[in-house]
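Taken from Swiss-Prot, the feature signal peptide applies to 1-28, supported by sequence analysis. Residues or ranges marked as active site, proton donor in Swiss-Prot (evidence: similarity to another entry): GLU219. Taken from Swiss-Prot, the feature active site, nucleophile covers GLU335, and the record attributes it to similarity to another entry. Under the heading region 'Disordered', Swiss-Prot lists 607-635. According to Swiss-Prot, the feature compositional bias 'Basic and acidic residues' maps to 607-621.
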Amino acid sequence: MRNKLRRLLAIMMAVLLITSLFAPMVSAEEGDNGDDDDLVTPIEIEERPHESNYEKYPALLDGGLDERRPSEAGALQLVEVDGQVTLADQDGVPIQLRGMSTHGLQWFGEIVNENAFAALANDWGSNVIRLALYIGENAYRYNPDLIEKVYAGIELAKENDMYVIIDWHVHAPGDPNADIYQGGVNEDGEEYLGAKDFFLHIAEKYPNDPHLIYELANEPSSNSSGGPGITNDEDGWEAVREYAQPIVDALRDSGNAEDNIIIVGSPNWSQRMDLAAADNPIDDHHTMYTLHFYTGTHEGTNESYPEGISSEDRSNVMANAKYALDKGKAIFATEWGVSEADGNNGPYLNEADVWLNFLNENNISWTNWSLTNKNETSGAFTPFILNESDATDLDPGEDQVWSMEELSVSGEYVRSRILGEEYQPIDRTPREEFSEVIWDFNDGTTQGFVQNSDSPLDVTIENVNDALQITGLDESNAIAGEEEDYWSNVRISADEWEETFDILGAEELSMDVVVDDPTTVAIAAIPQSSAHEWANASNSVLITEDDFEEQEDGTYKALLTITGEDAPNLTNIAEDPEGSELNNIILFVGTENADVISLDNITVTGDRESVPEPVEHDTKGDSALPSDFEDGTRQGWEWDSESAVRTALTIEEANGSNALSWEYAYPEVKPSDDWATAPRLTLYKDDLVRGDYEFVAFDFYIDPIEDRATEGAIDINLIFQPPAAGYWAQASETFEIDLEELDSATVTDDGLYHYEVEINIEDIENDIELRNLMLIFADDESDFAGRVFLDNVRMDMSLETKVEVLERNINELQEQLVEVEALMR
C-alpha cells in the first residue's frame, strides 16, 4: 500500500512540476473600492438618458460665480456657518469655487496657454483651476522642468482672475511617504524636489499669494505600482497625517503661506474624509479635506451614518462627506468625473446632478477631471478616434472659445454646471453632407412627369436628349417671384412616377435649366409625401440671363436652386423621419420669352445622419493566455474603451501562423500625448497574476503602406489594471520599433517585418489579480500606416528562473511527501 502511495505521489509531483514551468499562477482577491454598504440607502446608478430635474435639484441653477473671484473675494478662509465649517472670502462670506482640473501636465501640458485659461475664466465662468503635477508616471521625478508648467499655470490663473490649486498628484504609488515623493536626483542627474521642499519653494516664489491653494496629496491609496500603498483604515489615515502635518507646519512657519488654504487627501483615493474627521485631524486653522468621486461608480445618498458606526462600515462616499461635515471639517471636491472611476463608460449625468446639487447646497467647492482630449468619458474635449473624430486643440485660438462641438459630452455638461445654467446638449448625431439625383432622365423617358391636371395651360412634355423638355410656355409668363404670382404658370408633376425617394435631411432642391437663348425662368416647387401632401410654395425662384452659360452644343444652361424657405414642404418632408419618402413633386414653370425649356438632374442636397459601416470583427472567442489564435478566434482580445483605433480585428496568416491583425494609421498632426492616437488592445483574463513570470513576449509583424514607415517609432507599452492597485500597473520598460531602421528588421517569407517583443514585468506585484493585460502602440512622431499582426502572446521567464521555480517546487513537494509519509506510519 505504501509503495503504491509513493508511486501516486511521484506521478502527482511530476505533473505539478511540469505545470509549474508553464503556468505559475495563483488566485488573488479583487480589491474592494468600498462604495457599497447597507447602513445608508444609496441612490441607484443607472446608465440612461439625462433628464434635468431642477425642481428636485434647484442648487444646480444659481447663475454662476462671476463676482466670486480673487479680485473681489480676496484671501480665502474657513468659517463656521450654522455649525458647518465652510470656505469663505476675505470678509467671511461663504464662497464656492467651481472649475476644472488639468490632466497630468506631463501628458497634456499644452492646456497651459493664455487662450485656454481665458476661455475657462470667461466663457466657462470658472473661478478656480487645478494644476495636476504627477510625480511618477514619467512626470516630475523624471522631468523636473515640469515645474515650469506649474509656474506658467499660476501666472495665467492670476492674469485671468482665478484661484489656482497646486496639486502634488500622489497616484502611483499610493503612499505619500514613498521614496519617489521624497525628492533627490533622477537617473539623468537632475535634481527634483520632494513634497515639503516643493511646496516651500512655491510658497517662497509666491509668498502669501491669496490666489494659491496647496493640495498636498491627490489620492492616497493602496496603489502599489512603483512603491508602497496605504490601507483603507485608521492606519492609512495616520500614514497620510504623518506625511501632511510636517508640510503644513513648514508652510505656516515659513511665513510665506500663513493663511493659504491647504487641502489634504485621505485613504482609498480620497474617499475617506470620515477618517480624517475623526480623532486625529490635521492641526491647522485653514486645512480642508479632499473629496474625490466618479458618478458612475460612487452612489449618492440622502442619508447620513447613524452615530456609533465603526469606520470599517462606512463605505458610501457621499455619506462619508456628510460625516466629515457633521464633525466640523471642511471639504473640497478637487476631482470628480461623470464616468466610472477608471475614467470610462457613461456619462452618468443624472447621478452627476445628484452629486452637484449636494455640493452646491453645502457650499462645497469643486474642480472637474479633466482638461484633456484623451479618449475617455471624463475628458472635457473631443478625442482623436481614427475615422471618427479629430482631437480638439487645447488652445482654443484667439477668440478664446471652444465651440460646443469641440467639447465632449462631459465638457459640455460641466461647463453648464460651472455657469449655473440649464444644461442644453447639442445634437451629437454624426452627420454627413449628401447630394443625390432623383430624376436624371437618362433612360429616355419622362420618369413619370406629366402635365398636372390643374395646370391652367397645356404643354407638351417629352424626353429629348436625356432631359425633360417642356414645350408650350409662351403664355406662362408670371416671373415676379411672389407667391400669388406663380399660380398662373404651367404646372407639371411626377404623377406617374412609381417610386419614392427618402429625402430625410434635405435642405435644397436643384435642377439644371437648359434653353436655346438666355432668358428669365421662374420655378416654384411643392414636393409631396404621403405624410405631407401639400404646403404652398412661398415664392418662385428666378434665374436670369446672366446665370446661363453657353454649352458645346450651342444651348445655354443654368442651375436653379430651391431652398426650404422657398418650398416649405421640402422642409416638412425632410425633417420628418416618419414621412420623409418623397413620392411626387409639383413644379410651377414660367419664362419671360421662351416657349421651350428643358430640365435635368433634379437633385436634393443636404445634411443627414451618418450611419457608418459596421466594423466586422472576427469571433472574439474565449480568453486565452498564451494567445496563439490557432482556433481562428481572437481568444478574448478586444479594443480597450480608450483606444483611438477601432478598426476590424481579424485573424490573418503571418509567417505561416494565425495572428491577430488590424489596419491603422497615425495622424499627421500630433497631440502632445503620444498615447492619444494609439491602438489599445486588451485581454481580460480571470485569475491573472504575475507569479514568477518575468516578461511578456509576443511576435509582432508590420506590413506598412509604401513610404508610410520611414520616420519616428512605434513604442509598445504594457499595462495591467489590477483593482487592488487603482486599476493601473505599468511595466517600466517599453519596446521600440524604430521605423528609420526598418531595413535592419527580420523579413519573413511573406514579406512582413518581424519583431520578437519582450517587455519586462518584474516591477509588477506578483500576488495580486491583474484583471487584464493591455498593449498600447504609441505614436512617437511616426508616419506609420498599414497592417500589423500580433501572435504568440505569453507570459514567460528566463531559463534560470525556470530552474529556480522547478527546484523550489521540488523542495515543496518533497516536504509534502515527508508529511504524508509521516501520517502513513
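For all residues, glycine too, the Cβ spot is worked out from N, Cα and C.
Residues 387-388, 429-434, 504-507, 646-651, 657-660, 683-686, 688, 698, 773, 791-795 of the same chain lie 6+ residues outside the region 'Disordered' (607-635) yet bring a C-beta within less than 8 angstroms of a C-beta in it.
Non-local neighbourhood of GLU219 (active site, proton donor): HIS169, VAL170, HIS171, GLY174, GLY265, TRP269, SER270, THR290, HIS292, GLU335, GLY726, each in the same chain, at least six residues away, with C-beta under 8 Å from its C-beta. Helix first, then strand, then coil: DSSP counts for the compositional bias 'Basic and acidic residues' (607-621) stand at 0 helix, 3 strand, 12 coil.
Around the Cβ of GLU335 (active site, nucleophile), a 10 Å sphere holds 27 further Cβ atoms from the protein chains shown.
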